[in-house]
Amino acid sequence: MQTIAVVGAGLGGLVLARTLQQHGREVVVFERDASRGARKQGGLLDMHQESGQWALATAGLRDEFRKLIVPQGEDTRVMNKHGSLLWDEISDPAAMHRPEVERQALRDLLIDALKPDTIRWDSRLTGIEPGAIPQGGHLLRFADGTAFSADVVVGADGANSGVRPLLTDARPAYTGVSFVEIGIADAARRHPACAALVGSGSLFALDDNMGILAKHGGDGCIRIYAAFRVPLGGLSGRGLHLDGVSPSAARQAIAQQFAGWAPELIALIMASDDGHHVRPLDALPVGLRWPSRPGLTLLGDAAHLMSPFAGAGANMAMQDGVELALALVRESDADAAIAGYEREMFIRAEQAARQSAQGLDICIAENGAERTAQMFRGFPLAA
Ligand SMILES: Cc1cc2nc3c(=O)[nH]c(=O)nc-3n(C[C@H](O)[C@H](O)[C@H](O)COP(=O)(O)OP(=O)(O)OC[C@H]3O[C@@H](n4cnc5c(N)ncnc54)[C@H](O)[C@@H]3O)c2cc1C
């Protein structure tokens, strides 16, 4: 039987391994983190019916997934910088279009669904020698000096994939937008006005090529992304110095960027807890493709990193994982399975990446709120 090596225990790699095991296949997952808890996997993800939910159901985990759904609304509010509500969508949670689940809980579910010892933690891939094994297999090398040979290697190793260079020269490039991530813990009790402003779901306050994107988390926290259209590393160029400053100075500095915005929006920033993360958003080229190569492929962010403006990355990674597993199970010829999987994945990924790039351009714009509300209303947008 073929040995399948998956590099990366993110959502995509894990659901791939789970589906392969359901069908009796041999699979090993190599993960650079030392354990499942080594890195905080924060935030709520909405699981789309046709991708994330489909993947979990096909992997036999529908009931377990449903137990994890956070009873959080899927409502969406769009405000302009003056705090005027331009779009207020109340969704019906019973419709299960996009139920929310905590990323950590979802990852734990997938880890626990694997046979014991499927994941080799603390295994950072450092190189692959394609075709190094006489029968055509690949040799994977790891930071701890160990090696592993596999017939099929799947790069599920995220944005900075070490497997990707074997298939394409494409590299992620900066999208022109950076997030500063902050949060308000126990928001309903400590900052009820902020919690009420965000409502039961997500709030997008947008204008001036900036935004305050706020979303309730499953743990009572509000996660906030202050978004800025800036050149790479350009936050300091607009006076936003966040390195080595005290938490209160960081809050002040972020809030100052929104001078002139409605006080209740700025209050979201001023209520935030200590600690922030700067996240420049990168993406791979929209429509990226590569010629299929024997026994090697990619899924998820490794294959089609996109900005989060379509909320599709994790959903796509999971759909990729299940589609690839099913192709490998269906086809006796692994290379034909990979080629077929890639053909369909390229089409899906291009569509989602295009939506995500458009979403970013619409939201983080001079008149972002108006354009975003128009998009939600389904009206055509002026260029
Ligand atoms: C701010 C933000 C918000 C987002 N919100 C959403 C959302 O609401 N909905 C949504 O669908 N998507 C969202 N996304 C996108 C989503 O997070 C990603 O698309 C998704 O996590 C990709 O999954 P993956 O399995 O491909 O990769 P990852 O989750 O990145 O997993 C890759 C794994 O590979 C491991 N790895 C990396 N290198 C090596 C190596 N050399 N050796 C061994 N292991 C390695 C990593 O440690 C990691 O565990 C968001 C992204 C961001 C940045």
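Glycine too: its Cβ is placed from the backbone N, Cα and C atoms.
Note that the coordinates shown come from a computational prediction; the quantities given were computed from them, not determined experimentally.
Among the features that TrEMBL reports, domain 'FAD-binding' is placed at 3-172 (among others).
Positions annotated as NADPH binding site by TrEMBL: R39. Within 10 Å of the Cβ of R39 (NADPH binding site) there are 11 other Cβ atoms, across all protein chains.
In the three-state DSSP scheme, D46 (FAD binding site) is classed as strand. A 10 Å cutoff on Cβ-Cβ distances gives D46 (FAD binding site) a total of 21 other Cβ atoms nearby, all chains included. According to TrEMBL, the FAD binding site annotation covers D46, R103, D301.
In the predicted model, the domain 'FAD-binding' (296-355) has a mean pLDDT of 97. TrEMBL lists 296-355 (among others) with the feature domain 'FAD-binding'.
Spread of the FAD binding residues is 17 Å (greatest Cα-Cα distance among D46, R103, D301).
For ligand 1, the binding-site residues lying close by, meaning a CB under 6 A from one of its atoms, are D301; the full candidate list was R39, R103, D301. Listed in sequence order, L11, Q41, G42, G43, L44, L45, A314 are the same-chain residues at least 6 apart in sequence whose CB falls under 8 Å from the CB of R103 (FAD binding site).
Residues in the domain 'FAD-binding' (296-355) partition by DSSP class (helix H, G, I; strand E, B; coil) as 47 helix, 3 strand, 10 coil.
Taken residue by residue with DSSP, R39 (NADPH binding site) is part of neither helix nor strand, so it is coil. Taking only the Cα positions, the spacing between R39 (NADPH binding site) and D46 (FAD binding site) is 21 angstrom.
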